[in-house]
Amino acid sequence: MKIEGKVSEHESINMMYERVSKEGVTNIVDRFNAQEKGRCPFCEKGLSCQLCSMGPCRISKDKPTGACGIDAAGMVVRNFTHKNMLGTEAYTYHAIEAAKTLKATAEGKTIYEIKDVEKLKWFAKLLGIEGEDVNELAAKVADFVISDLSSLEKSRLVEIFAPEKRKELWEKLGIFPSGVFQELLTMGSSAMTNVDSNYVSLAKKSMSMSIATCMAAQIALETIQDILFGTPMPHESHSDLGILDPEYVNIAVNGHEPFVGIALIKLAEREEIQEKARKAGAKGLRIIGFIETGQEILQRVDSPVFAGIVGNWIVQEYALATGCVDVFAADMNCTLPSLPEYQRYGVKIVPVSRLVRLKGIDEGLDYEPEKAEEIAMKLIDMAIENFKQRDKSKAVKVEQKKKIVVGFSPEAILKALNGDLNVLLDAIKKGDIKGVVALVSCTTLKNGPHDSSTVTIAKELIKRDILVLSMGCGNAALQVAGLTSMEAVELAGEKLKAVCKALNIPPVLSFGTCTDTGRAAYLVRLIADALGVDVPQLPVAVTAPEYMEQKATIDAVFAVAYGLTTHVSPVPPITGSEDAVKLFTEDVEKLTGGKVVVEEDPLKAAELLEKVIEEKRKALGI
């Protein structure tokens, strides 16, 4: 597919694309279109392998195996597991960084503090950790998490957070995981040349790894971030490029980890920092949220120094092209290799993770918990100096800006229900809320203009009285589209509209990042436990209408293992094998209760998800 005409669902991006394109600057849309005729049809189906020196091999009807003898199903699923491993590795890296930060904070070595003491005590109690001293508890929790993620035995975190019926099933299927590091070792060693070529075996190992990823690494890291930075609670903020004001010193925080961003906010809230910015000629200094780092902060922080979120990963080039950003602090995930080119717009690109390096940018201010304040101060000094040099007359002040409501963690949802989950359950039983769909998605150009499919499917779902929980880059898409605002209530079906007005909530609940998949699974567990049913029986489904990268694939595998019907688009690279397609879309449902549904038309996808939910309701007799 080639993107022509409107490149994005959002007018701000369409406008900035026109500017960048006219100036002849490399950008994601033009690069995507340039690749249209060069894409390998074998790769798109998962039928190309480059693992060993005997290849590359491509499978076709007249050449049904690779040189080693692997068939289409084995090749397709093995290729898919490689993507899944990368997603697991990134989530696990983040979890270890969170645990290290918690321990260093407990030892008094960071700029942070234990912000949610009750969450710490709750988590420690679940882990079987006792003690009265807050810092001692925090240190023990950090040690527990690091140990469990490395465990050779069954994961204690999975034991604690997974539903009983799921644990029994996973044991029966042989996919109950050990620590996530061990799962990575098993998966990686299996997916080498001439080791495991059985597509069912590879898929089961991927499921085991996905459970360790989402029910251990993800839940642990988000809980730790709640402990350190506060559990998300509903509050208003802003989205879209209009949050960028060229008259301010603007520091963008980009990636998936909130650590440096939170340190920047803590410093920016000091009057002497704001005064320093004003002396440089600025109105003040602001922190600007980009993609998941911005989303992590957005869910937790309500501060005048945090301007909000510009959008998801496809937005970053166009946001920098406004000429409003002074420093772009890049942590793990989703920093485009093209960004050094965008320094022509007056921004300084600074990696703040050892994972991130770019062409011509060989060094960074790599995050270490003990150095967070020092790193943040250096970034602020860089930004203020950059502001003095930046040509404000060339900056573009974008008008589009949305007021949004964010911060709907499980605790926040319970609070909105006055602490009584039965309010939600009764609404579902009566049909006022037909069901719930978790929208956990990236953004891509592969299936149409930027964010178009995501916005369309969300609008269709709420119109059908289906409540949406939004996570990931898809969450930012819906924020910029205004669907996480109270104004969006008018777009909902009559029954859902009444519920939203009664509870004072939007029809799309801004739940967090892709890392909140585990947190969403825990909320689903609470609902299943309250109803006394297993997860697959619930009128709940998942959609990833614009999945893009490796974190998304491991999240999807987990959703299926958890027992949820999971819609994905664009078409994943598994279609080269009928056996593999049948495994993911049919056979697995007989084992876990979950399955993959592939549909690129967002309207048809919404219809399919509604049908799934109605079938679940009928089976429950509601």
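Here the Cβ of each residue, glycine as well, is placed from N, Cα and C on the backbone.
Computed from a predicted structure; not experimentally measured.
Here is what Swiss-Prot records for this protein:
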- Cys40: [4Fe-4S] cluster 1 binding site (BINDING)
- Cys49, Cys52, Cys57, Cys68: [4Fe-4S] cluster 2 binding site (BINDING)
- His256, Cys334, Cys442, Cys473, Cys514: [Ni-4Fe-5S] cluster binding site (BINDING)
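Calculated from their C-alpha atoms, the gap between Cys57 ([4Fe-4S] cluster 2 binding site) and Cys40 ([4Fe-4S] cluster 1 binding site) amounts to 13 Å. Cys49 ([4Fe-4S] cluster 2 binding site) falls within a strand segment according to DSSP. In this structure, the CA atom of Cys52 ([4Fe-4S] cluster 2 binding site) is 19 Å away from the CA atom of Cys40 ([4Fe-4S] cluster 1 binding site). Packing around Cys68 ([4Fe-4S] cluster 2 binding site) is summarised by its Cβ count: 16 other Cβ atoms lie within 10 angstroms of its Cβ, all protein chains included. Cβ packing within 10 Å was compared across the binding-site residues Cys40, Cys49, Cys334, Cys442, Cys473, and the lowest neighbour count falls to Cys40. There are 22 other CB atoms within 10 A of the CB of His256 ([Ni-4Fe-5S] cluster binding site), with all protein chains counted.
Highest Cβ count within 10 Å among the binding-site residues Cys52, Cys57, Cys514: Cys514. Report note: the [Ni-4Fe-5S] cluster site is defined by His256, Cys334, Cys442, Cys473, Cys514, and the residues of the same chain whose CB lies within 8 Å of the CB centroid of those residues, excluding them, are Ile291, Glu292, Asn312, Trp313, Asn333, Gly472, Thr513, Met548, Glu549, Lys551, Ala552. You'll find the Cα of His256 ([Ni-4Fe-5S] cluster binding site) roughly 30 Å from the Cα of the residue listed as '[4Fe-4S] cluster 1 binding site'. On the backbone, the CA of Cys473 ([Ni-4Fe-5S] cluster binding site) and the CA of Cys40 ([4Fe-4S] cluster 1 binding site) stand 27 Å apart. Taking the centroid of the Cβ atoms of Cys49, Cys52, Cys57, Cys68 as the [4Fe-4S] cluster 2 site, the other same-chain residues with Cβ within 8 Å of it are Gln50, Leu51, Met54, Gly55, Pro56, Gly66, Ala67, Ile70, Met75, Thr193. The DSSP secondary structure for Cys514 ([Ni-4Fe-5S] cluster binding site) is helix. The shortest Cα-Cα distance from Cys442 ([Ni-4Fe-5S] cluster binding site) to any of the binding-site residues (Cys40, Cys49, Cys68) is found for Cys40.
Separating the Cα atoms of the residue listed as '[4Fe-4S] cluster 1 binding site' and Cys49 ([4Fe-4S] cluster 2 binding site) is a whole-number distance of 12 Å. Here the CA atom of Cys334 ([Ni-4Fe-5S] cluster binding site) lies 35 Å from the CA atom of Cys68 ([4Fe-4S] cluster 2 binding site). Each residue contributes its Cα atom, and for Cys49 ([4Fe-4S] cluster 2 binding site) and Cys334 ([Ni-4Fe-5S] cluster binding site) those atoms are 25 Å apart.
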